[in-house]
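What TrEMBL records for 38-98, 99-160, 219-279 is domain 'LIM zinc-binding'.
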Amino acid sequence: MTERFDCHHCNESLFGKKYILREESPYCVACFETLYANTCEECRTPIGCDCKDLSYKDRHWHEACFRCSQCRSSLVDKPFAAKEDQLLCTDCYSNEYSSKCQECKKTIMPGTRKMEYKGSSWHETCFICHRCQQPIGTKSFIPKDNQNFCVPCYEKQHALQCVQCKKPITTGGVTYREQPWHKECFVCTACKKQLSGQRFTARDEFAYCLNCFCDLYAKKCAGCTNPISGLGGTKYISFEERQWHNDCFNCKKCSLSLVGRGFLTERDDILCPDCGKDI
């Protein structure tokens, strides 16, 4: 007696019929497509055993349905891109979503290396120095007036030269007496401390920090012997080639402030009228 050969699902005989093996069990075509066939994303019908099943990220298409969602051209054996669950040929994707080169205005194709700066994009070969026309690549560059320059070309064409070291100033410069300086070159004439961002003064066109200027040039208070800078509104008293800070102009004996008052002198001392009445 001949052994039966039936469909694993409906038990219909498969002798003389087309069948499909799944996990070593035979199925008639109808049962296999009902149980296991994938549904096409495009036409929403099952992808039968006699059709090629094309898949991408757990989604399936008939070969004839695997097309660009915009131009409807076939994507079989062609590169494509996916955007928001839609499949697009490279031309449609580029026209719709790819960046345009700031220089040549052409589309920067997917997978092409591009350069980006402040929201603009360039082909790598289009991102060049405006002066020497050489590709900038990943090297440092300086933008000016909507144009990009490699550092050497910028220094030759645009950068100011430091009055002190005569080298180009590309960043961090300061201006003093309408002349450009590097921050690190603009220093106190005496102590060489950087003056950028600090209070300073000048004498004979040379810049000094306040400490050095006071030590070198400021008059000394006859009371405390410290310098009287005269800067920032500092008030002082002057009498017979001697000077005092306002706070130091006091009676030698009783320490009464003599600012705006009458006073007497005894040798190098100043006295209020009461303390000096016995002189």
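Glycine is treated like the rest: Cβ placed from N, Cα and C.
For the domain 'LIM zinc-binding' (99-160), the DSSP-based tally of helix, strand and coil residues reads 7 helix, 22 strand, 33 coil. Looking at the domain 'LIM zinc-binding' (219-279) alone, the prediction's average pLDDT is 81.
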